[in-house]
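Okay, structure first, notes after.
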Amino acid sequence: MVRGEIRREQKPAQQDNCSGHRRYICLRWSWGLIPLYISLAALAVGWYLPGFQFKGPLENSLSFFRSVDKDSYWESHREEVKGTFIISWNAYAKHAWGHDRFHPISKTGSQMSPDGLGWMIVDSLDTLMIMNLTTELSEAREWLQNELTYDQDQDVNTFEMTIRMLGGLLSAHYLSTSLPGISSHNDHIYLTKAIDLADRLLGAYESKSGIPFASVNIGTKEGLPSHADGGASSTAEATTVQLEMKYLAHLTRNGIYWRKAERVMEVIDSHRMQDGLLPIFVHPDTGNFHYQEIRLGSRGDSYYEYLIKQYLQTSGQEPVYREMWEEALAGIQKHLLAFSKHSNLQFIAELPRGIDRPRSHKMDHLVCFLPGSIAIGATEGRTEAEARKLPGWNSQKEQQMQLARELMKTCWAMYAVTDSGLSPEIAWFNAHDDGILSSRRPKSGDDKASWKKDLIIKPLDAHNLQRPETVESLFLMYRVTNDPIYRKWGWEIFQAFQKHTIVGDGEGYTSLQDVTKVPTPQRDNMESFWLAETLKYLYLLFSPKELLPLTEVVFNTEAHPLPRFKQTRFQTGWKRRRPS
Ligand code: DMJ
């Protein structure tokens, strides 16, 4: 299916003479340029060798080529990603249209509520827009208008409904009013639905402390404590609703959404936890943390992600979030950063019993959001080269970028070591635990054999749910560093997804049971974030930078792009307590 491009600015037509800003592609033979030709040949060979990495003395001469715009080279790659999205979407549309879950092997759908919540369709709206799939988009919009109602007596997870449904609707509203080819200023359907849903979710915030209950009934608007963990909410869930609620407040000028979201952050920060690291449960009655376990994987992850993203959303006008992010990032490096034994891979360990107690050398794939978040934190969405020229650039930011690169490599290693080329849900590391600071450690190596000695995959952790975190970070790292290695790794991951997650008859893609085996045993489920996040980030990784520039948008944790505010309409409204 060939459809037009969506870009903020159209690329200038390729010039066929050797003048103007594209003269670098018009190299003519000259004996004086022989070293350049050799480098070019090395680049061409290296580009196609699996595992090739630019390094050593060649690095400098090759850096010239890194700056060359290669979007035309990647055009066919992104079309392949789009093709995979279309196959996945068509399979869903044919066998499970309107259902919340899709099982691509049995070709059935199932619901999360009797009337459905729009799980697949709403989560995919903005990907349809970004890929310019206009026919599919009109069908989705029609379903939304005629079939979707949130007036249902149904308990839902507060966080999931916020990041996927509210985030999906708000992003669709934003893109439908700003993307050339898609924009239609009179279409308020997405915003109308978003307001209706948010007003139903508000009941979740009616706890004694202001920390949202884990669930809410969208019919009665009553908040409901979790059935497990003594009624505590997950920390990440309570603190990953802010971008969505604040954008809605900004759009509607209704401060209620802003205040509810900010109150959560105020309660959380009032504890001034040591080095900015939080236990993974918080109670809605008391606002106190439960248990001591600290991790950046499940139940902890997006608290840290939304600190820096809340700062970026208001374009730096709320410095409290920059402060909280820097404090937490320093805490992560002090207490959680660990090194593998054979290859010095840097990874983020867990603290099952809290700070200063033994670490667990386990890292969820979910943690792979971190390198991308560090990169956009250090540069505020600019390229590294641009950011380095600014007065605020310093050695700390330089070191953060180095950390982002190392963690990115570890996430890539989690894919590269398996026979399928896909990451397990959880990896365990053979690791040092001597607390040596990262600055004193040598850089990690690139030898896959040593990686294999360091990475352990347990049978119960070997599944793959088509998760996005690594390709999300690859996209952000590529935008920030311009280093084509991230596109290359992304392409290898995409090919592994294509090969092993496609179902037997070619009609759809599915989750996997065990990435260590080939042929790779499959599960019968396609997650909505395959469409909303994984394929969107891969598509953007191979797209020109002008499509959704990071200086203009911030992605919510479900990959829904929202605008960064040029001027804020509301303020944080609270101040940090002094640490005790
Ligand atoms: C998504 O729903 C979001 O990215 C969330 O933050 C974490 N889990 C899934 C994807 O893995």
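The backbone N, Cα and C atoms fix where each Cβ goes, and this holds for glycine too.
Those TrEMBL annotations? Automatic predictions, nothing curated.
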Regarding the disulphide bond with C368, report which of C26, C411 TrEMBL records as its partner.
-> C411
Which of E160, D301, T557 has the fewest nearby Cβ atoms, counting only those within 10 Å, among these recorded positions?
-> E160
If you measure from the Cα of T557 (Ca(2+) binding site), which of the recorded positions D301, C411, E425 is the nearest?
-> D301
Relative to the Cα of C368 (disulfide bond), which of the active-site residues E160, D301, E425, E469 has the closest Cα?
-> E469
Of E160, C368, C411, E425, T557, the recorded positions listed, which put a C-beta under 6 Å from ligand 1? Please answer none if none do.
-> T557
Lowest local Cβ density among E425, E469, which the record lists as active-site residues, within 10 Å | E425
C368 (disulfide bond): tally of other CB atoms within 10 A of its CB = 29
Are there residues of the same chain, six or more positions away from C411 (disulfide bond), whose CB falls under 8 angstroms from its CB, and which are they?
-> H365, V367, C368, P371, S423, E469, T470, S473
